[in-house]
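> First the structure, then my questions, so here it is.
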Amino acid sequence: MHPAAEHSPLGKSSEYIATYTPSLLFPIPRTAKWAELGLTAETLPYKGVDFWNCFELSWLLPSGKPVVAIGEFSIPADSPNIIESKSFKLYLNSLNQTPFADTASLEATLVKDLSAAAGKPVGVRVRSLKDVEAEGVVALPGVCIDDLDISVSDYEHPRPELLRCDDSRVVEESVHSHLLKSNCPVTSQPDWGSVVVEYRGAALDHASLLEYIVSFRQHSDFHEQCVERIFLDLQRLLKPEKLTVFARYVRRGGLDINPYRSTESVQLPNHRLVRQ
């Protein structure tokens, strides 16, 4: 477990405060998890962002009438801190009985508070249910590898040694799997996700990639670090000209977390999958 997470509200009984309380936000430094992967803030081999979507966003108009909306937040992958998810939920709940003059005022407050917690500017969009409903759900790009026939017996830790490639062939492709699962390092609750790998480099053996993804099944780590580990393991193996790893996780507590790590600029839109 991350030492800072021990002091977070995650896994503990919490009072649900319904009036604006920005102090509820609990930042967790990324440095310890970066160090586990041999990284520092100065040596990150990727660009990226963590997309968060909130489906339980509500506040009051000056008249006292409630409003509901969907919040979209983008936290830079190189920000000093992640925001612990339960504290994020508690903070958003504290808006429920708080009046705001208009949506712009709410967005400005969210930008201020979330940027202070993350240690870097956070993008915020407050969207109407109608707008999000019109977008529907999308399918992941590329080839789904989930129907490949594999045998698996070890689920405790990620196993990069399973990954194989053909160095004699250079390909550019996009593949995805819906079989990503890991566990919360604090509560041990399951985190279910789908992951996309897009790259140009040595041809990756798809069955070995699926075996590797399944090896995360009992691994305990935060969403962000799972994606970073996948990115680094693939980068070491493939030595690619370009590489993107993007995961979309099933929501918990009204929030879903979708980390994106890439050698390229962030391009993928924040569109929901069928499990989101």
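The backbone N, Cα and C atoms fix where each Cβ goes, glycine too.
Got these off Swiss-Prot a minute ago, pasting:
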- Ile83, Glu84, Ser85, His223, Glu224: substrate binding site (BINDING)
- Ser85, Lys86, Arg252, Gly253: NADPH binding site (BINDING)
- Cys184: active site, thioimide intermediate (ACT_SITE)
- Asp191: active site, proton donor (ACT_SITE)
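A description of the local structural setting of each listed feature is requested, covering burial, neighbours and distances.
Taking the Cβ of Ile83 (substrate binding site) as reference, residues of its chain lying under 8 Å away and at least six apart in sequence are, in sequence order, Leu25, Phe26, Pro27, Ile28, Ile75, Leu114, Ala117, Ala118.
Of all the Cβ atoms in the protein chains shown, 22 others lie within 10 Å of the Cβ of Lys86 (NADPH binding site).
According to DSSP, Cys184 (active site, thioimide intermediate) is assigned to coil rather than to any helix or strand.
Taking the Cβ of Asp191 (active site, proton donor) as centre and 10 Å as the limit, one finds 24 other Cβ atoms among all the protein chains shown.
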> Given the binding-site residues Glu84, Ser85, Lys86, Glu224, Gly253, which lie close to Asp191 (active site, proton donor), meaning Cα to Cα within 10 A?
none
> Let me know how many other Cβ atoms fall within 10 Å of the Cβ of His223 (substrate binding site).
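The answer is 23 other Cβ atoms.
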> Enumerate the residues of the same chain, Ile83, Glu84, Ser85, His223, Glu224 excluded, that satisfy the criterion Cβ within 8 A of the mean position of the Cβ atoms of the recorded substrate site; list them in sequence order.
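For the substrate site the neighbour list reads Ile28, Asp50, Ile82, Phe88, Phe222, Ile257.
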> Is it possible to get the count of other C-beta atoms within 10 angstroms of the C-beta of Glu224 (substrate binding site)?
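A 10 Å sphere around the Cβ of Glu224 (substrate binding site) contains 22 other Cβ atoms.
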